[in-house]
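Some features that Swiss-Prot has for this protein:
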BINDING   R26, G52, G53, D73, A102, Q103, H119  S-adenosyl-L-methionine binding site
Amino acid sequence: MQDRNFDDIAEKFSRNIYGTTKGQLRQAILWQDLDRVLAEMGPQKLRVLDAGGGEGQTAIKMAERGHQVILCDLSAQMIDRAKQAAEAKGVSDNMQFIHCAAQDVASHLETPVDLILFHAVLEWVADPRSVLQTLWSVLRPGGVLSLMFYNAHGLLMHNMVAGNFDYVQAGMPKKKKRTLSPDYPRDPTQVYLWLEEAGWQIMGKTGVRVFHDYLREKHQQRDCYEALLELETRYCRQEPYITLGRYIHVTARKPQSKDKV
């Protein structure tokens, strides 16, 4: 099994993910969490790794705040687009770009990083535990992992609301090989277990798009966006809504020493 490379659909990826209210909402909720993490880590400038960072939307915003950001991605096209976007925003001096898969990034880093962003990648990799172990190895003790993954429970709920009963009964097989539908939707309980077994201390969990995708009237996603964002913000960090999110964002700390877990 190979990990997904988006060279063939980079433009479609950008348009479908970030050119919609679902992308706008995803970034808004994500940055609420990231702002809290940054506040807790203090005023110092951080070394940040965006592993599988794609076009760099989050990495560039981090660089605009003065942090030094390393972005790696398996897709050469995504790296090129990220470089162009960084130039346009005037933050190229705060960024480094590495063309490699997330699980290979350790060989490109000389010193550990303070914060790792690993967003919407875990659902595309064939060996998730290996990737998480690599990320552990390049994060300094006391550093933080920001992990966002595609939620298998959210996928099931979305299909049930749509009335796709046969598809759910068949186990929700992937319909096309080369699409934006993730290869490996993740069970959140399994992901939490992987993190805890590796030694991470989970700090917080947030459901991302806990209501947006389930609206009967799709025009409300756009026409009522501000009200929707307010309600998503109110409920997204409590159950059962966390587990209904289309994505789940987990923040986890690497202890100062593993024996403190």
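Note: Cβ is positioned from N, Cα and C throughout, glycine not excepted.
Annotation note: H119 (S-adenosyl-L-methionine binding site) sits in a strand segment as assigned by DSSP. According to DSSP, G52 (S-adenosyl-L-methionine binding site) sits in a coil region rather than a helix or strand. Packing around H119 (S-adenosyl-L-methionine binding site) is summarised by its Cβ count: 23 other Cβ atoms lie within 10 angstroms of its Cβ, all protein chains included.
Residue density at R26 (S-adenosyl-L-methionine binding site): 24 other Cβ atoms are found within 10 A of its Cβ, drawing on all protein chains shown.
When the Cα positions of R26, G52, G53, D73, A102, Q103, H119 are compared pair by pair, the longest gap among these S-adenosyl-L-methionine-binding residues is 25 Å. Under 8 Å, Cβ to Cβ, and six or more positions away along its own chain, A102 (S-adenosyl-L-methionine binding site) finds A51, G52, C72, L74, F118, V121, V125, V131, T134, L135.
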